[in-house]
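Novice: Next up is a structure, given as structure tokens.
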């Protein structure tokens, strides 16, 4: 179910007249165009975009109280009811128009795109059962074969390489490899220079190839499925891939739709069909679709199918909209979203349907929507790229220094170049002196510059990219396997859908959360009702035994019982059983409204007892399900529904009600209604909806006291956090019904402005209603939500709740979830003009300054921490604030508040609130939601999390991570987020360090060899350094190391602040690492140089000593920083050192490589091993001293917690570990 989805026109689905009832007018067609979000009212839609009826005298400072808490607050609101404002979300075909987060929707004026006249150039003509004519060469449409794979055998290599080389570092190494192939620049062996890049490209290509193979396999299975297609007058099996637009297809029950098809006929005589859209949008509730009566009567006779022409819109992504018309027997009839079934839907509770394919293959709405969430890059990766640029500049500086020094050296020795080895200009070995290839002073300097880039190429760590990817995969594995984030109720684990932002989970500052289904369970339970001005609040429940049994009826020896039982109020139950009193008649009308005014489908479910069957109510709205179950518990049990009638078992007596019309919920009216032909030959309209709109159409003069009592009860229900609906009805005279019927016929067949006309029809009939009562439904808070919000707040994370619910309900949930506390001063902004918003924002900022001054004087400089503020603002006010100059003031105010609660906000406004913070701070944002109306917010935030709950999987499919409960945020952020950030941060700095160490060693060697760019370290050792010698330990540590344990991180949420402050990866640490690298390279190079200065040991032997020293040095460096040792950690670190010795020995045993047997000559001397030991000691001592000094003299929170975790509190066993407080200081703002 899509909470808060913004419909842009009303729904009106009158049902065909039931035969045998002559007292009612002619049948009304059942398939009426549905809105772009064709869903019955949902929980937040019911209460969207309007204020609770307020006392006009409520101004300025207000004080509220309820049974559960007291509220102190400042309220800025108008002195009259606000006109509801709709916020329309854009469809897929909105073009390039910019998204306006605070703009009004289009539903209030003009014609929406789905109801404009279809121009010939924008139309698709489909000739029913004539695919040849439909797919003429000029109009040939896409076939039904789909392809989700990216590559083919021919395109894999070029396309995959093209995609991989989007990384600048890969292009850099490719250029280096090409330069090394030139004879003048050949420093390394040609094969060795290509190996690192080739290995990285190969590993990535294998991974991509495997993923694409799985897509190909899935495509083959899908395309080879069989469908029943009308061929030569008979239905025959045909592969899905061969289906063409215009062909007539028959789908049987429980089968999947092969393409988008317009319904022509169904097994139900009234043309109704039920579909499940789980594969499309993840929603498991049944949806109703309809065949036109004109085609329903034709298609059972196969020969009558032809001759129909459908003119429909071109393919688009809007899965909730469809515009078309059909020409049949010279008559044009309109088609809407209720007449089309989309590819991927499953047919349920219907024996068969027959339809015509209008969109196939890649043009179906499902395939057009087959796009992943926008690609996101982590903050550390962005920062890493900056450091790589710095290293690149540093590399250029080193190469420039070498080039300049080389030029000076050539000038000084220019007279000796004729005879000097490597530089002599003439060859004297032959009788006739020949000139060597010498390119002159300038070109020699240029070649040396390029050669030095090749030699120092390891400065840019190519292995870092693939190492980070492997570490992220390992981190994701452990997050997925964490039982702390396993949801037993849904049997679902945490899912990591985006592997490239794991570390961002450790730096979150703002959490933007939906309410319904995210903080609450979205499992509605009927709690209380106000009927006839009397509050029935379940205070006197029926006995436990009766409640467990519940209401049941016997039919043909079978016992029918609702699948779910509801606690009932005994007084209301007694009234529902009484007859012939005004009070009981009022209660009867109320319960009939609950059972009839909905789109619920009753299904019979078998039980272990063959004599007992359960009735399960399937529908698109949990609210509707809760109300129908409540009516059943009071003896008004819905047992049958067709498009023409419903059957309600009323206290054991079955009564048939003819469904003459159904106006479904839309975001403009905020109510729905059903027109019923009752058994007593009367016609009644039952209406339910949000209180803000219902009280405008209720005739208050009929019983003013009842209206006031109901309003009071509604306020009480909202204060308890219950979701409220108001119920009303009116009896229609024959003339009124005929007038409505005539108006509807004209509106539904209109080709221009159909939405406005249908809305007028609904508004004309929904008036002068008699108030029946109101309902209160509880959406229970999820387990652990209050504790989770408290932990997040202690961690320095600000939690904002963005909901479409009414203010009173949201505030109540805010208190129960501990988002709001009694110590907070509330600032409430409810305005319907820009000027009033400006004044109230200014006043709120002044109030904050006053509170800050008072707090400062009382608490001696602790800021506003003791006077916490909570901002409560509604969507109407945001219309006038977002994307205007008032945004800056809202940001200034909101950033100073401890909690922010946005009520009645539209989906795009949710994204606008996230953008408000993202555009003005460097703080990381996280959005979490469970419904389709949360998608824009989830995709806008730095990290998006989808809750796999009751509202389908659209939020999950658009998210970076998904999980089952809000409380899982605590282990995800405080544990895994902290670990991921610490690990990746250290890993990046360590990779920079290990590569720069080797570059400096090579640089020092060049200074002592006449700047000739010759290297003592063999080509293969240089190549294997980043691939084998040092790569595995950093990957293992990046996956497994833990600076702190789970219990410590959960006990002290303040430790999360280290990631928010960027303590593990920042510019200071980068330059400290570079300085440490410089010292260690000096120790590694000059100790062997001095030791062997007067010896006859060759350069290759020293090269082996240098590479071994560097490998040992960087691995000991890593070992010093490891906190948690595991067996695999020991194997990786010490095994890498051993592997390096083995590789060096193997390389030196190959006679065709330089340095043959060099290692064995130098390793047999004691001096060799003394040098290795001296290098390690000299290189590590300064680092060890600094670490000891920092951890003992200037420890941070991590150091303190680690010491407490390791040694316990030795002095005071009961003492608490003290953490640095997290202050909420104002952040500097940036220009948008």
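Positions of Cβ are set from backbone N, Cα and C atoms, glycine also.
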Novice: So which range, 130-148, 149-167, 168-186, 225-243, gets flagged transmembrane segment in TrEMBL?
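Specialist: In TrEMBL, residues 168-186 carry the label transmembrane segment.
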Novice: From the ranges 1069-1093, 1194-1218, grab the one TrEMBL calls transmembrane segment.
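Specialist: Spelled out, TrEMBL records transmembrane segment over residues 1069-1093, not the other listed ranges.
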Novice: Of the ranges 445-471, 526-552, 553-579, which one does TrEMBL list as transmembrane segment?
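Specialist: Of 445-471, 526-552, 553-579, TrEMBL gives transmembrane segment for 445-471.
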Novice: For the annotation transmembrane segment in TrEMBL, which listed range does it cover: 969-986, 1023-1040, 1041-1058?
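Specialist: Going through 969-986, 1023-1040, 1041-1058 one by one, TrEMBL gives transmembrane segment for 1023-1040.
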Novice: Which one of these stretches, 939-958, 1099-1118, shows up in TrEMBL as transmembrane segment?
Specialist: 1099-1118
Novice: Determine, to the nearest whole angstrom, how far the Cα atom of residue 723 (ATP binding site) is from the Cα atom of residue 514 (active site, 4-aspartylphosphate intermediate).
Specialist: 15
Novice: Grab the same-chain neighbours of the transmembrane segment (192-210) for me: Cβ-Cβ under 8 Å, and only residues 6 or more beyond its ends, written as numbers and ranges.
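Specialist: Hits for the transmembrane segment (192-210): 150-151, 156, 160-161, 163-164, 170, 173-174, 176-177, 180-181, 454, 462-463, 465-466, 1019-1020, 1022-1023, 1026-1027.
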Novice: Do any residues, 6 or more residues outside the transmembrane segment (1069-1093), come within under 8 Å Cβ-to-Cβ of it, and if so which ones?
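Specialist: Apart from its flanks, the transmembrane segment (1069-1093) reaches 387, 390, 989, 992-993, 996-997, 1000-1001, 1003-1005, 1008, 1102, 1105-1106, 1109-1110, 1113, 1117, 1167, 1170-1171, 1174-1175, 1178-1180, 1182-1183.
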Novice: Could you check whether the transmembrane segment (1099-1118) and the transmembrane segment (388-410) come into contact, where contact means at least 3 Cβ pairs under 8 Å with the two residues of each pair 6 or more apart in sequence?
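Specialist: The transmembrane segment (388-410) and the transmembrane segment (1099-1118): touching, no.
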Novice: Looking at ATP and its recorded binding residues 514, 515, 516, 624, 665, 688, 723, 803, 804, 805, 904, 910, 933, 934, figure out the farthest C-alpha pair and report it in angstrom, whole number.
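Specialist: Largest Cα to Cα distance for the ATP-binding set is 27 Å.
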Novice: I'm a bit unsure how to read this: which one of 388-410, 992-1017, 1023-1040, 1125-1147 has the highest number of Cβ pairs shorter than 8 Å with the transmembrane segment (445-471)?
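Specialist: Ranked by Cβ pairs under 8 Å, first place goes to 388-410.
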Novice: Who are the long-range neighbours of the transmembrane segment (388-410) in its own chain, taking Cβ under 8 Å and residues 6 or more past its ends?
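Specialist: Answer is 169, 172, 417, 423, 441, 444-446, 448-449, 452-453, 456, 459-460, 992, 996, 999, 1003, 1006-1007, 1010-1013, 1070.
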Novice: I'd like the Cβ neighbour count for residue 904 (ATP binding site), meaning other Cβ atoms within 10 Å of its Cβ, all protein chains included.
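Specialist: Excluding its own Cβ, the number within 10 Å is 30.
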Novice: So for residue 723 (ATP binding site), how many other CB atoms are inside 10 Å of its CB?
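Specialist: Residue 723 (ATP binding site): 25 neighbouring Cβ atoms within 10 Å.
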Novice: Here are the recorded positions: 514, 516, 665. Which has the lowest count of other Cβ atoms within 10 Å?
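Specialist: Minimum Cβ neighbour count within 10 Å, taken over the recorded positions 514, 516, 665, occurs at 665.
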Novice: When you put residue 514 (active site, 4-aspartylphosphate intermediate) at the centre and draw a 10 Å sphere around its Cα, which of the binding-site residues 665, 804, 904 have their Cα inside it?
Specialist: 804
